[in-house]
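In what follows, a structure is listed as structure tokens, so that the remarks can point back to it.
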Amino acid sequence: MADVKGVLKAGDQTFDHQCQQYEEIRPLLGEDSRHNYATINADSVPTTTDKPQCRVYKRRWYIVGIFALLGSIHCAIGNTWGPIADSAGKVLGWTDSNIALVNNCGCFSYVLLAIPCSWLMDVKGLRTSVLLAAFFMLLGTGMRCFTLEEPVATWLIYLGQFLNGCGAPVLMAAPPLISATWFPPKQRTTATAIAGLLGNVGCALSYVIGPLAVSQPGEPTNHTGNYSDIDISSLVEITEISHANNTDIKSMEAEQIMRLMYIEFGLTAVLFLAILVYYPACPPSPPSLSASISRLNFTSGVKGLLTNGSFWLVCLSYGMVQGSIGGWGNILDVNVSPYNVTQVQAGWVGFYGNLIGCAFSFVFARLGDYFAGHFKLMLVLLAVLQAATMLWFILMVNVSLIPFSMASLYTTFALTQVCLSGSGPIYYEMSVELTYPVAEGITTIVLTLVYYIFCLLVLLLPMVPALGVAWLNWATLGTTFVVLPMLCCFRERYGRLSIDVAGVKEQGGTTDTVNS
């Protein structure tokens with residue numbers, strides 16, 4: 001299908017074609033579809049008198065902005081410990097296994113709560129779901145503020161990361177629901193990108209703020225010179241002074257880590273209060289015809305997903321690629337530490353890479369809105385670019401055929417983030433189009449659940465003694481090659497877009513904007 005503007009102008013895009021699009025998605029509706037869905041045919045399309053008036057409200061930018069900020073803070077909290085892994089090892093006695101486990105806590109909670117949160121979004125709506133997600137984040141960040149004394153601190157941090165992860169199902173799955181509820185068709189992919197991918201900004205900031213707020217552990221104090229004239233008592237005194245200095249450094253780093261915990265708690269509290277004061281579930285009038293149509297109920301929606309082969313090809317592709325790259329990025333510091341890359345340097349690599357990825361996500365989102373109906377081509381091209389980038393990284397880090405350099409590290413990480421962030425909104429919108437009229441929250445919960453399962457596997461394996469992380473680079477490359485034929489095989493279908501195009505054509509291509 002051509003882009004929305006082209007569809008509106010094309011004279012040969014007939015109403016019969018819209019009927020055909022509907023007939024393709026009708027198997028999802030069940031036998032009682034006539035009672036729960038406004039079908040696209042001559043008898044069932046609302047007439048001029050009973051068709052809902054579609055309007056967009058300027059407050060939609062507040063809705064998506066607050067949600068994006070919450071997602072940004074959530075990602076920063078989830079990525080707290082990877083960028084300061086060296087300092088956490090010194091203060092808390094953590095190893096690479098602890099870092100992998102603390103990153104996995106959010107994945108555990110996501111897998112456990114994905115289905116309940118899907119029901120919550122479908123039945124209770126946006127306000128209740130987003131408010132509950134913010135509350136879980138508030139509890140989680142609060143848990144980490146009590147102490148850094150071992151072993152209590154480690155368990156409180158694990159619990160805090162788990163509670164923070166309890167908000168992830170809503171924050172990961174709600175962006176398409178927000179865009180469908182508040183935004184017109186020509187802004188949906190962009191709104192999904194804003195809601196879902198500003199989290200990359202939080203992740204990027206965590207790569208920098210963490211190492212800047214928490215000092216890099218220093219080298220042991222060295223004493224050089226001729227000690228032949230120093231007696232044993234002087235050597236004992238020097239040793240005691242060195243031990244005292246190391247203790248002071250550890251205490252200072254512990255204080256810095258605790259300050260970081262307080263900052264993240266404070267930011268979460270501010271956003272929780274903002275959502276509590278004002279965050280409506282939906283606008284007074286729908287922004288599009290498809291937004292005014294009731295979705296399938298929860299049970300029927302789940303059944304529809306289970307029988308949709310094209311959706312599962314897209315879902316598995318998303319989970320494999322995004323999950324492997326997501327887990328790979330969380331342990332960047334560990335991955336490149338053999339090349340004497342400090343946590344501060346790795347932090348800057350992550351910072352710039354995530355910001356560049358976020359910027360390009362909006363570029364691809366706008367292209368997705370303008371060239372609606374070409375999502376498949378965009379996903380294939382991004383997968384090819386990702387495969388080439390990971391091959392470059394492996395030849396540099398694992399095989400050493402390409403000399404290692406910070407410039408190459410910056411470039412390869414940035415390109416992986418471009419592919420990761422750029423394809424995210426496209427995967428979301430493609431999945432929703434394939435499964436419509438299944439509720440957006442149900443579809444994206446399943447999509448992101450598969451993502452977290454793969455991410456969980458990626459982060460669990462480094463906990464195996466002596467396994468290391470070198471295998472992860474090869475695994476990430478392998479998943480990309482597996483995904484490419486899957487993306488080429490699934491059948492595109494744009495059920496929701498076909499309804500909105502028909503509705504916009506009948507309204508003359510305009511939608512009212514309300515200044516509120």
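The first residue you see is number 1, and the count goes up from there.
Cβ atoms here come from the backbone N, Cα and C positions, even for glycine.
For 61-81 (among others), the entry in TrEMBL reads transmembrane segment.
The transmembrane segment feature in TrEMBL is assigned to 101-121 (among others). Cβ atoms under 8 Å from those of the transmembrane segment (101-121) belong to residues 78-79, 81-82, 94, 128-129, 132, 157-158, 161-166, 168-170, 172-174, 177, 298, 327, 330-331, 439, 441-442, 445-446, 448-449, 452-453, 455-456, 459-460, 463 of the same chain, restricted to positions at least 6 beyond its ends.
The transmembrane segment feature in TrEMBL is assigned to 128-149 (among others). Cβ atoms under 8 Å from those of the transmembrane segment (128-149) belong to residues 67, 70, 73-74, 77, 91-92, 117, 120-121, 156-157, 159-171, 174, 254, 257-258, 261-262, 264-265, 268-269, 271-272, 275-276, 279, 281, 441 of the same chain, restricted to positions at least 6 beyond its ends.
The feature transmembrane segment is assigned by TrEMBL to 155-178 (among others).
Here TrEMBL flags 260-279 (among others) as transmembrane segment.
Residues annotated as transmembrane segment in TrEMBL: 346-365 (among others). Long-range contacts of the transmembrane segment (346-365) within its own chain (CB-CB distance under 8 A, at least 6 residues past either end) are made by residues 83, 189-190, 192-194, 197-198, 200-201, 203-208, 210-212, 329, 332-333, 336-337, 378, 382, 406, 409-410, 413-414, 416-418, 420-426.
Per TrEMBL, the feature transmembrane segment maps to 377-395 (among others).
As annotated by TrEMBL, transmembrane segment applies to 401-420 (among others).
Taken from TrEMBL, the feature transmembrane segment applies to 441-464 (among others). Within the chain carrying the transmembrane segment (441-464), a Cβ under 8 angstroms from the stretch's Cβ atoms is held by residues 96-97, 100-101, 103-104, 107-108, 110-111, 114-115, 117-118, 121-122, 129, 168-169, 172-177, 298, 301-302, 305, 311, 314-316, 318-320, 322-324, 326-328, 330-331, 334, 427-428, 431-432, 435, 471-472, 475, 479, all 6 or more beyond its ends.
Among the features that TrEMBL reports, transmembrane segment is placed at 470-490 (among others).
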Quick test of the contact rule: Cβ under 8 Å, at least six residues beyond the ends. What residues does that give for the transmembrane segment (260-279)?
63, 66, 69-70, 73, 76-77, 80, 84, 126-127, 130-131, 134-135, 137-138, 141-142, 144-145, 209-210, 213-214
Given the cut-off of 8 Å on Cβ pairs that are 6 or more apart in sequence, determine whether the transmembrane segment (377-395) and the transmembrane segment (155-178) share at least 3 such pairs.
no
